[in-house]
């Protein structure tokens, strides 16, 4: 059932409801018929430069759905960094706490995408790794007044941990995406996560279990739940996602409709950004309903090339989602 009317905005208009503490990457994308083997040079048929980075991707998707957003991040004092700040502004994202540094280049992601929409990616985090706790403290006011705070692991883990700690202290709902995953993740990441959302390969790294099906994902999610998260979501690409929580520890599979994927790059970030939007603006929806809607939005994103360029706007989506 569609939520009635516009979201209730009881807070002041200029306050960001969704704050993302995370990464900005310039995507350097090559489209090829297939992925190259080790030591092989192959011809691609198209190259383009786009905007990516898990943090900014998630923020852009939330903003395009209508969320008031703020991005806490660090880019280089270079042309990629300048262009990135302009991109955030074009998406109506507050850049008050988008820092620039001379000490490192803006982060980059070299991405190769085949005809099936599968990809391989190498990231060089650059300036992202210089975002520090001092920068977070300068942004404390915007973090403490948010409805939802989102972070990932493309910035220094200690910085993400500090962001989660600050949000939790202020009673702000935390949405943590442990990507890229690290096997020996600090246990505090689990206990500080109201919603812990990862994909199947990240779940494998974090738990040591094989995740090849929804049933496997349910078992891995249980392991993660026992580490102290309130809610665990494991996304399964075209198979949707699996969810469980402290209050409903029985794994539930939320399937998604089948679509023809053109480019799956950034689909997980579209999902997280959509989920952040629903958590902030429609907190009374059931979790299952939020996940169905987030699945739908992520499925729209894989039907176009590029990362943020494939993310839908509210005006392009069915009214039943809002």
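The count begins at 1 with the first shown residue.
Glycine is treated like the rest: Cβ placed from N, Cα and C.
Quick caveat, the model's predicted, so the values are computed rather than measured.
Residues or ranges marked as substrate binding site by Swiss-Prot on the basis of similarity to another entry: 25, 26, 27, 53, 54, 55, 56, 57, 154, 269. Sequence-distant contacts of residue 269 (active site, proton acceptor), defined as residues of its own chain at least six apart whose C-beta falls under 8 angstroms from its C-beta, comprise 54, 57, 58, 61, 177, 307.
Feature annotation from Swiss-Prot assigns ATP binding site to 199, 235, 236, 237, 238, 239, 240, 256, 268, 269, 295. On its own chain, residue 238 (ATP binding site) has 256, 258, 259, 261 as residues at least 6 apart in sequence with a Cβ closer than 8 Å to its own Cβ.
Under a cutoff of 8 A between CB atoms, and with a sequence separation of 6+ in the same chain, the neighbours of residue 263 (K(+) binding site) are 113, 117, 119, 302, 304, 305, 306, 310. In this structure, residue 263 (K(+) binding site) belongs to neither helix nor strand by DSSP; it is coil. What Swiss-Prot records for 263, 265, 301, 304, 306, 310 is K(+) binding site.
Under the three-state DSSP scheme, residue 269 (active site, proton acceptor) falls in the helix class. Per Swiss-Prot, the feature active site, proton acceptor maps to 269; the stated evidence is similarity to another entry.
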Surrounding the recorded substrate site, with Cβ no more than 8 Å from the Cβ centroid of 25, 26, 27, 53, 54, 55, 56, 57, 154, 269 and those residues left out, we find 22, 23, 24, 51, 52, 107, 109, 266, 307
Identify, in sequence order, the residues in the chain of residue 56 (substrate binding site) that are 6 or more apart from it along the sequence and have a CB within less than 8 Å of its CB; answer 'none' if there are none. 20, 22, 23, 24, 25, 71, 73, 84, 87, 88, 308
Per 10 Å Cβ neighbour count, which of the binding-site residues 25, 304 ranks highest? 25
Pairwise Cα distance for residue 154 (substrate binding site)/residue 240 (ATP binding site) [Å, integer]: 24
Rounded to the nearest Å - Cα separation of residue 27 (substrate binding site) and residue 265 (K(+) binding site): 10
